[in-house]
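Peer 1: Among the features that TrEMBL reports, repeat 'PPR' is placed at A:45-79, A:115-145, A:146-180, A:216-250, A:349-383, A:419-449, A:450-484. Sequence annotations record features per position, and here TrEMBL assigns domain 'DYW' to A:684-753.
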Amino acid sequence: MRHATIIKNGSPSFDPFVTRLLCSYAYLGYMADALRLFDNISNPDTFQWNVMIKGYVDKGFFEEAFEFYQLMQFMGVRADNYTFPFVIKSCAGLCSFVEGWKIHCRLIKVGFDLDVYVGNSLITMYAKTGCIDFAEKVFDEMPMRDSVSWNSMIGGYALDGDGWKALLCFQEMMEFGIEADRFSVISALTACSLVKSVKHGMEIHCHVIRCGFPSDVMVQTTLVDMYCKCGNVAFSEHLFNSMFQRNIVAWNSLIGGYALNDHPHEALLTSVEMQERDKINPDAITLVNVLPACAQLRGLSQGKSIHATAIRRGFLPFLVLETAIVDMYAKCGEVRSAEQLFEQMTEKNLISCNAMIAAYVQNGQNKKAMELFHNLEKGSVKPDAVTIASIIPAYAELALLRTGRQIHGYATKNGYSSNTFILNSLIYMYAKCGDLQAAQRIFDSMLFRDVVSWNTIIMAYAIHGFGRTSIEIFTQMQEKGLKPNGSTFVSVLSSCSIAGMVDEGWMYFNSMQQDYNINPQIEHYGCIADLLGRTGDLEKAESFIQDMPLVPTSRIWGSLLVASRNARNIELAESTAERILALEHDNTGCYVLLSNMYAEAKRWEDVDRMRALMKKESLEKTRGCSIIEINSLTCSFFNNDTSHIETNTIREVLDLLSQKIGEGIRTTPIKFKPRDILRTEASLPRSHSVRLAICFGLISTTVGAPILVKKNIRICDDCHHAVKMISKVTGREIIIGDSRIYHHFRDGLCSCGCSTLDVIHSSTSMTLQGYQSRVQMTHH
DNA sequence: GTAGGGTTAG
């Protein structure tokens, strides 16, 4: 009634009823009503302006709050020491350092910067806008500080991610004689989570119990969160169960904690329990916390149902949740669903783009990853360390040294030359691109090496055929006191397999379970299957695969297939190929391997049958191709390729080398019927792509320089032998990277120390692709 | 009438 009269007649600013009504509206958050009343005040005073600005800030309408302040200035109304904390808070809410800084400058002129409330707001504003140095300066120069000043500074450091500084500040505060209250404790506990120091966390926990606020829900929730983030889930559980009252934040903390500590089942169960026990429905944050659990379980159906819940409950669009869903789809192998969601997202930021780049890379879509990376680079958002660490494996997969060096240069240029994540990726990239020395150089240069760094360098030597060196590095790693993890043993067992170290392989397989309490995963079983296959004890290999507690993948059966090929056991090869084709009907390698075995046994009808089958499945034998990089140019050669501009010189060198290494001009390959030989000139080992590439390398590089050739399929026995000889007669080191490992040929010997077989892609357990995904999983 | 706090994506 009175409001209506005021609207009709207008009101002078000094009516105390008007002010009280305005306060009530603002206090209750009825800002539309407050605004209508305010508009009818003829000359609002500073207090009334302040009420409006505070009202908007409290509702989270920072833009409106800031506009009101600007309008106030425009109207010539003097701002007072109460105005500024609200305005500064609105700048913090808008994440606008520039506006905040301008206000700060104005404050200094009018002398309000000495006000403790103003100073405290400035500290938080600078911390929230990412300028911790400014916050520190304000704190240092304050003429007087209260507990809020200290708490703001502790919280500011924690927000900045500098847990140690926050803890130091917390300690300093107490030494100063200021009692830690619940605000200080919450910030200090967040700091403990950041530095993962359960020791400091427990000290603060004791303080909480001593000081008499142990039943504060927020403090308890922060404690639950801290113990989880420090890896102590049991403590969190205990604390959580002893809580008098729990709200959704407490439940979410525990659920997130389970997911963080690789307890996906508990995470999912707890989200159900929350609904049953406390009748609390999941919110968007609950879903964000549960999604990684689905990813860990590769639980696509659970993940999909969470996506559906998010839509049904109206949680979308919500950037954080959408990013978590993209990540879940990617980790469950559903890159297409991840992509669809990403494309539909109305808002994107660096984190969501990074998630999509990683999604592509994890699923082998490296070209798309690079495309997104380049688009990001062209835009206004600058890639960060995570972007670069995510994209490097895509360049590694390309296996081109030139582009690999480019991305290394890019990382350095962007100031990440000492970032452990990135350097780990670079070690992998150089190893994958064939430059083992560069990989070693990076490892040597690192100031801080983590488990991933060691795992990667061990794997680097393994994929270059130096299994024994790998094991030596593993010993060094243990001597340095680093605790190996599951990925370490993938590297170690791969090394044993590559070097043919059977006894050691078994020893490490047992040791990882007994000494390190690590359950072997499919990759570890793969390594042992491969190792057993190598010993030629097919029965043992077969029974190992059949008895293993996990379902064998096609890759694991591939180890047995190669083993049966080596032992020329056609029956076993046939039955194993059947198992592989049941899992992967388009596995070209299987058909080609069987066909070659039949040819060796002169079973031409079966050879024809294989060819017919491949035709029926529309499969084509992978065309052998070799790549060599000369003066930043990439040259590809196919078998019997004559398209290169230097083809005549290459041929001359080829003939010369053939003579020198004692090969006849024409040898009859075993794999073709006599009448097919003319037709299959291209398949003569003498003109295999790898030799053409080597010859081109010999004439295009300085005498004595090493030659690096990459091949898409495995090098054949003939070429493997020939390259040994070529390395001897030319005195060059020749490095050949095939689909399995790198061979270092020097002075008539090869690093791999064993003969190889051709064409079979997914045959071994230690292919780089598999390792890459593990490395990435460890990263994120 | 002012300032500081817990769960959240790569």
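If you go along the chain as it appears here, the first residue is 1 and each next one adds 1.
Each Cβ is built from the backbone N, Cα and C atoms, and glycine gets one as well.
Whatever TrEMBL says is automated annotation, not expert-curated.
Describe the structural context of each listed feature in the structure shown, including burial, neighbouring residues and relevant distances.
Peer 2: Shown for the repeat 'PPR' (A:45-79): DSSP residue counts in helix, strand and coil, namely 27 helix, 0 strand, 8 coil.
With a threshold of 8 Å between CB atoms, the same-chain residues lying at least 6 positions outside the repeat 'PPR' (A:115-145) that come near it are 81, 84-85, 88-89, 91-92, 95-97, 100-101, 104, 107, 152-153, 155-157, 159-160, 162.
Tertiary proximity for the repeat 'PPR' (A:146-180) is limited to same-chain residues at least six positions away from its ends with a CB under 8 Å from its CB atoms, namely 116, 119-120, 123-124, 126-128, 130, 132, 135-136, 139, 187-188, 190-195, 197, 200, 207, 211.
Sequence-distant contacts of the repeat 'PPR' (A:216-250), counting only residues of its own chain at least 6 positions beyond either end whose CB sits under 8 Å from a CB of the stretch, comprise 182, 185-186, 189-190, 192-193, 196-198, 201, 205, 208, 256-258, 260-261, 263, 274, 278, 280, 283, 285-286.
Taking the repeat 'PPR' (A:349-383) as a whole, pLDDT averages 93 in the prediction.
Across the range of the repeat 'PPR' (A:419-449), the DSSP-based residue counts are 24 helix, 0 strand, 7 coil.
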Peer 1: Hey, which bits of the same chain come close to the repeat 'PPR' (A:349-383), Cβ under 8 Å, at least six residues off its ends?
Peer 2: 319, 322-323, 326-327, 329-331, 333, 335, 338-339, 342, 390-391, 393-395, 397-398, 414, 769, 773, 776, 780
Peer 1: Work out, from DSSP, the number of helix, strand and coil residues along the repeat 'PPR' (A:450-484).
Peer 2: 26 helix, 0 strand, 9 coil
